[in-house]
Amino acid sequence: MNHLPLIIKREYINKVRNKSFIIMTFLSPLIMVGIFSLVAYLSQLNNDQVRIVSVLDESGLFLKDFENTSTISYNILDKLSLSEAKQISEESENYGLLYIPNSENLETLAEGVTFYSEDSPSLQIMNEVENVVERKVNSLKLKDAGINSEVIRELHIRVNAHQETFKGQETSKMGSYLKLGFGGVAGYLLFMFIIIYGNMIMRSVIEEKTSRIIEVIISSVKPMKLLLGKIIGTSLAGITQFLAWVILLGVFSIVITGIFGIDPSTVQTPQQEVINQAVDGGTQEIARNVIMEINNLPIVNLTIMFLFFFIGGYLLYASLYAAIGAAVDSETDTQQFMLPIIMPLILAIYVGFFTVIDNPHGTVSQVFSYIPFTSPVVMLMRIPFGVPIWQQIISLIILFATFIGTVWFAAKIYRVGILMYGKKPSYRELIKWLKY
Amino acid sequence: MEKLLKATNVSKSFGPYKALNNISIEVPKGSIFGILGPNGAGKTTFLRIINQITMPDSGEVFLDGKPLAPDDIRHIGYLPEERGLYKTMKVGEQVLYLAQLKGLSKQEAKIRLKYWFDRLEIGDWWDKKIQELSKGMAQKIQFVVTVLHQPKLLIFDEPFSGFDPINANLIKDEILNLRDEGATVIFSTHRMESVEEMCDHIALIHKSNKILDGKLIDIKRAYRSNTYEVGLLTENKEAVNSLIRERFDVSPASFKSINDELQYKIKIPEKASPNELVSFLTSKGQLNHFVEVIPSASDIFIETVKNN
């Protein structure tokens, strides 16, 4: 008798029809797009405002150097004492007052520069103002030393090293960021998937225990089949939800952009800024680089390994979640067992985002890409940087061997646990169950 | 008599704890077999072994003469003591799913479901969720799930718990009816009155061991104490009273009567005939009440458990 399709179908339909599942499917992308748009809108609002900064320059050296920018409008004060200038700035509700003292010596002048304001000023404004003063003081000093600042500018040569592997493949900084992006997305996706749907499996096991239907079911079905059906059914529901999220995210972004005229992509994340600075070239060159780098990525390798590591990693953790569900009576009892599951996952993400970025082929990265509980995430992040196939295969073999071990372990716990009611078991008792 | 189920020397331990010790039983075809025992005796473990939920450490179980195989689940209907249904699933879908797990086709299951839902008058529950039903209602559905695939062996673990007396009676009649149609029933219970009413065979399990086994009527014969309950109407109460107490092994009795009479429980020696007692009593007065004290299942249960 083949029960597996029946169980998978029930698990799937039951999950997908669940009200909170449906609500989450539609609400999550809406909330995400909403928050992004809000942030975009707010940062636009924030930057639109032009601040008025008064300047009291007693040295008279800087009069021509303060040019209005998109964020700051300068108001040059003349022939006033410092206290008068302060009073005027405060009364006219200026953002701040920049005071430059008069001094023979440029160093003491620079040290005497003071910015007065209502509260502590924003870093951006301070940077801008300091830059203006600094540039002027520097060029003045150069002049004192008898060097023309034009000469300096001409002497300056930008170096943008071409990167090439020993095998003659062209690479670029852009490429590194792209690789990081691909690996990061893959690793993070797996992490999220495990947490969300592993929990869902656990809850569904607990539900069968608390509703006491479990004994009725396993008088018809082998526990192993029920476990397998549950994991597959829930995973299919998870994939459905993920696909729905991707599609809905696209639709909602288009709709919101259309209605409000806000482009969520204008929100600059710190990483994007870094990329922009690193590339620092014309947009055409960026486009050329991106296409070249995408072509250079080991796409086939990446896709195949993504599937294998994703499935292996997910199943590994899913079976553990199911075992926890079987061991306890209610969700509140799961806490003590969750830690050993969550820890390696978080470790994997940290190793991925710090160590792999730093050195994709360093010892730490390598070791963690072999340990089965972290390898799916870490290896997925390393692969775009080029990992020899044999290493990937060894890591996969370890992963799947461990998976067989955890399924055996989970099935043992599951078989005994689903019939145990009452008190919460300790780790020692769980080990005893393995011998039943 | 042909045996439907045979268990030979079944043992099961959980770590150091021995849950079942060399249990052997034979369940005749078409009988209602009661498995009795105090809490924690190992009844549920034994029923789980028959259902292949738990594997025995040693010993074998035969169904219809053949060793129990995974496919046999379609011939067994099991109502566990810890029972429930998916709370958020609709009644109809749920029962269809469980029936399909037992190997019924969807069409066949629908036809039989209609029969049972009509019979128990629960047809309009089809689209309700279990959480909207009362506990008793859910129990009825659970019963339907157990019997729907027409198993030849029905196993009930405390079938009447959670039912009100009316529904308990209804379920009892359905069980008897299924037996008459050819099914064999094993059930475990604490309710001794339902043992009296329904079982023709019993096995008593105590502290993991089987301590008693056989036809209920044979067991009762074995446990008879040759005691008779007697009601004697006489003019000369005190004289007769002392006379009887001198001659017989007497204990006080009290039963409902409309006469003002002497009431006793009288135990006669094993080989003696009750006729002698009757002729002695009739010579002393008017014998209104004479009945053999038959040990109840409950008495037998308590006595054997105490002695072990």
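Backbone N, Cα and C define each Cβ position, glycine as well.
According to TrEMBL, the domain 'ABC-2 type transporter transmembrane' annotation covers A:19-411. Positions annotated as transmembrane segment by TrEMBL: A:21-42, A:180-201, A:242-262, A:297-317, A:337-356, A:393-414.
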Sequence gap of 6 or more, Cβ distance under 8 Å, 3 or more pairs: do the transmembrane segment (A:21-42) and the transmembrane segment (A:242-262) meet that?
yes
Same-chain Cβ contacts of the transmembrane segment (A:297-317) under 8 Å, 6 or more residues past its ends?
178-179, 182, 186, 189-190, 193-194, 197-198, 231, 235, 341, 345, 372-373, 375-377, 379-380, 383-384, 386, 389, 392, 396, 399-400, 402-403, 406-407
Apart from its near flanks, which chain residues at least 6 from the ends of the transmembrane segment (A:337-356) lie with a Cβ under 8 angstroms of it?
183-184, 187-188, 191, 194-195, 198, 317, 320-321, 324, 327-328, 362, 364-365, 368, 371, 373-378, 381-382, 385
By a Cβ-Cβ criterion of under 8 Å, what residues six or more beyond either terminus of the transmembrane segment (A:180-201) are in contact with it?
15, 230-231, 234-235, 237-238, 242, 297, 302, 306, 309-310, 313-314, 317-318, 320-322, 325, 341-342, 345, 348-349, 352-353, 356-357, 376-378, 380-385
